């Protein structure tokens with residue numbers, strides 16, 4: 001029977017495909033040939049326009065009733081939400097309808113989420129308002145730079161609010177940002193940069209959304225109370241806004257406050273206790289928002305709310321589709337980063353909604369195609385006086401609950417929006433702004449209800465909860481753009497901290513009848529057994545530049561030996577040579593094998609004044625210089641260390657250097673080291689750095705193979721006995 005292969009290098013050489021040495025030119029030719037063989041131009045083009053395959057497989061009699069019903073219902077919801085959310089951006093409410101219409105049409109052509117409904121989003125609108133405020137502040141500075149700060153400081157809130165751009169100029173600026181962000185997104189989607197959203201965990205996105213919702217809620221109090229406050233900029237602007245709001249509470253327009261409270265009192269119960277509770281029984285959700293919109297407009301028109309009570313109304317609402325306009329790229333060259341932040345948030349929300357719908361309805365979503373669809377939607381909206389849009393959570397769930405089967409449901413929804421744009425827009429002249437504010441506030445209640453999940457999230461994962469809470473406060477106090485960046489950085493820091501906190505664990509063996517021996521932590525498993533002279537250490541994290549130093553320190557701590565301290569102690573004892581003096585004494589037959597063993601007398605010599613008097617006799621199966629480094633100096637009780645790298649999914653050059661440093665240092669004080677269960681993902685790095693050649697004799701398939709190579713018996717460790725010293729002949733483990 002052939003001898004069992006135990007060494008990893010030997011095993012790989014026998015079972016792995018032979019590696020062919022190819023020149024760079026040959027490799028390039030093979031890559032081009034493979035790409036040409038797999039290239040399908042027709043399939044690629046069809047993948048860019050998914051609506052073609054949708055129409056080909058469309059079951060008219062089965063799908064059309066559901067899509068029409070879902071589309072019309074969703075369209076009714078999109079009208080009030082679009083107008084309300086557009087007001088958040090400081091743009092005219094009609095812009096929200098432009099966004100809802102053109103974003104829906106674009107996604108129908110290029111999107112892969114069948115139940116995803118696009119439209120104007122509150123969070124994105126508020127972020128756009130921040131960028132517009134920044135642009136207005138920088139574009140309309142007083143002519144005299146010397147007096148600009150003093151002038152602004154002496155103005156009242158009303159005077160400062162008058163320093164705003166015209167609606168046309170703001171719409172042009174917002175449209176230009178959207179087009180530029182869309183072009184960048186299309187290019188990014190073709191090179192696979194859709195993975196950028198992986199930097200934003202669900203906890204981060206949820207916390208960020210709640211933080212932004214706080215900004216949205218704050219912005220609505222001006223309409224609710226019928227007062228005006230200065231739109232502050234910079235850090236802590238929300239705190240300053242609340243201070244001014246509190247100072248102006250005595251100036252509240254009572255009529256606006258009463259109208260808002262009445263609208264909330266009518267809207268929230270219907271959405272919470274009828275639409276949500278009986279969503280499976282109702283044929284369509286009650287369009288309470290549209291009802292409130294119509295009732296508010298009629299009451300304001302016949303009651304003269306604006307003339308008699310000073311309630312702010314929408315006023316002029318233009319009709320018709322705006323003419324397409326090319327963007328002014330020079331206008332936004334200093335604000336591209338701001339636009340990209342908004343676009344990334346929009347894409348993250350859209351992809352999250354699309355994946356949710358895909359999992360629920362049994363289809364896959366292409367992340368790269370979703371990024372391209374987002375980019376095209378940004379561009380088309382920008383050409384028609386709109387701005388960055390995204391998949392709406394509420395509208396998408398309505399479309400799904402109504403049984404929408406394909407993206408054509410969004411086409412029917414856009415028809416409802418188009419009807420309002422072309423015909424019904426002017427009828428909303430008398431619509432009070434506080435009614436739109438009430439609709440926004442009611443839609444924010446489910447977002448803030450997630451605050452109740454903090455205790456549950458803390459019990460599940462303290463790290464995720466920390467990211468969640470940090471994202472909330474960072475967004476509130478540092479604003480949307482800086483808050484997002486700070487949240488991503490904090491989230492990455494938690495990952496780095498986790499990888500450096502416990503890079504290694506000392507494990508022992510737990511015997512089971514069904515699955516044999518399992519390795520478990522000695523700290524948490526009292527039944528895990530280990531011997532004092534042998535340490536089995538599991539590396540828990542990837543090894544890379546972030547945690548390489550922490551790994552070295554933790555590894556020596558786990559072994560219980562710091563080679564540098566051992567060497568320093570020997571030098572302090574005036575030891576002239578750290579390497580022991582090994583002298584052959586005699587030859588005897590090893591009782592545990594048929595091999596002849598050599599006996600060596602080892603002593604550590606001091607200076608000329610005398611000897612330390614330390615000497616021991618060791619046995620070895622062969623006579624070579626390796627015996628010298630296999631002998632331990634005084635004070636070192638550990639004889640062998642086994643490193644389990646099965647959980648090291650990634651390693652870089654510094655990680656390899658750290659691993660090799662630990663091995664070299666342990667060997668230098670007579671401790672024998674083996675490495676087991678090396679994953680295939682790090683073979684290439686081991687080979688390219690030379691570790692495979694230098695330390696290949698230390699690599700083993702499993703723990704038993706390493707024990708056999710070291711002359712150790714796994715049954716010994718299970719019984720908790722001490723290990724005898726035996727240096728095997730078949731594998732030189734020392735350096």
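Don't overthink the numbers, they just go from 1 along the chain as shown.
Placement of Cβ uses the backbone N, Cα and C atoms for every residue, glycine included.
Source: prediction; values computed, not measured.
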Tell me which range among 467-497, 498-528, 529-559 TrEMBL lists as transmembrane segment.
467-497
Tell me whether the transmembrane segment (371-395) sits in contact with the transmembrane segment (94-110), defined here as at least 3 Cβ pairs under 8 Å among residues 6 or more apart in sequence.
yes
Leading contact stretch, 173-193, 252-270, 282-302 vs the transmembrane segment (205-232) - CB distance under 8 Å:
252-270
Which range wins on Cβ pairs under 8 Å with the transmembrane segment (282-302): 68-88, 94-110, 435-455?
68-88
Mind checking which residues of the chain, 6+ beyond the ends of the transmembrane segment (252-270), have their Cβ under 8 Å from one of its Cβ atoms?
223-227, 286, 288-289, 292, 296, 305, 309-312, 432, 434-435, 437-439, 441-442, 445
Long-range neighbours of the transmembrane segment (68-88), counting only residues six or more past its ends (CB under 8 A):
94-97, 99-100, 104, 117, 119-122, 125-126, 129, 216, 219, 223, 284-285, 287, 289-290, 292-293, 314, 392, 394-395, 398-400, 402-404, 408-417, 420, 428, 431, 433, 436-437, 439-440, 443
Could you tell me the mean pLDDT the prediction assigns to the domain 'STAS' (524-710)?
71
